[in-house]
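Okay, structure first, notes after.
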Amino acid sequence: MEVNYDVLVIGAGPAGSSAARFAARKGLKTLLIEKRPDIGSPVRCGEGVSKSWMPEVELKPEDHWISDEVKGARIYGPSEKKPIMLTAENAGNEVGYVVERDKFDKHIAALAASEGADVWVKSPALSVIKDGNRIVGAKVRHNSEIVDVRAKMVIAADGFESEFGRWAGLKSLILAKNDIISCVEYRMINVDSDEDYTDFYLGSCAPAGYIWVFPKGKHEANVGIGVTISKMRDRFDVKNYLDAFIKSHPGYSKGKTIQLITGGVSVSKVRDKFTLPGLLTVGDAARLIDPITGGGIANGMISGKYAAEVSKKAIDNEDYSQEMMNNYERMVKDKFERKHLRNWFAKEKLGTLSDETLDKLVDVIADVKINEISVEEILKAVQLKYPELVEELESLI
């Protein structure tokens, strides 16, 4: 069986559904496929998002996918003294929501469908269809049969492993151990957490990573940890670190776990090349996860919108060359690469700092008004209060 579309999107996470939504809106016959039977499940996310980027992708908050609206974030150093306070007044980027990720993902897919995109679930891509050096579709298992889905443009949104991108011929990047974060999260009830703030804890409690607490409502929260795998002795280390943190904090130690989530996150540099003739990769597949925060929803959805724009241009001009695809790479790199690269270098350095140095950094930043977590502004503040740290941090300057 063969079907034909203008655009085939592989993967119905936020990036893929965003690409399908905007492609369909532009009048392109669009198919969005998802390998799992249930979009958004299983949840593999801390579920915290800021709100500053939402207007760019025309996303309006909906009560059914919001668990809690927060006023800001608090970042604690190892001693857990005065935290960095990120609020609407001094860092509006950190004001946002704790979401129900499965409902959020379904909502974005529903927006794509409402614009006219077809959606297939339990429909994995099995292989690439090529015409010469151009990607022209995929073989897909759908309703127990193999379907040749032919498309003028293919958008891969299949996560940081991006099997489809590898099958198509994109160079498979072997991630360094410093560029992979192993994560464990408990959804907990009967906890004492502040519903107005997301909390982050730095230091040896989570080597080269952090612990997060995202409130999900009254006495309920996601309590999780991400640890760079280069700091792990064995696969149980991450859970052990999280359990030790919870045990040492009475507000959480009396809580009950009702869900366990595990997974991994890539915190690498952006791919050098993430397109081929007829193929664009978006979101995690293009390695657009922020290296400092590990967050990828915003970057993914914005890149999905960009991919739809370039797909429309390519189809209108019947030009599927690498030169046309490079327009998408330029848009993505212009938007994300400078900050992304800076944050990658910062991540590399911050992972080497002692608890004592991290405490001094938090102490400095807690007294400085900043608009975002900016390496440049942090260093300026450090130079004023702890000049002896400048040499240690010189690789960030």
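Keep in mind that glycine also has a Cβ here, set from the backbone N, Cα and C atoms.
Per Swiss-Prot, FAD is bound by A15, E34, C45, G46, G48, A125, E163, D284, G296, I297; the candidate from R101, R141, R150, R187 named for the same site is R101. Taking the Cβ of I297 (FAD binding site) as centre and 10 Å as the limit, one finds 27 other Cβ atoms among all the protein chains shown. In terms of local Cβ density within 10 Å, A15 ranks first among the binding-site residues A15, C45, A125. Secondary structure at I297 (FAD binding site), taken from DSSP and collapsed to helix, strand or coil, is helix.
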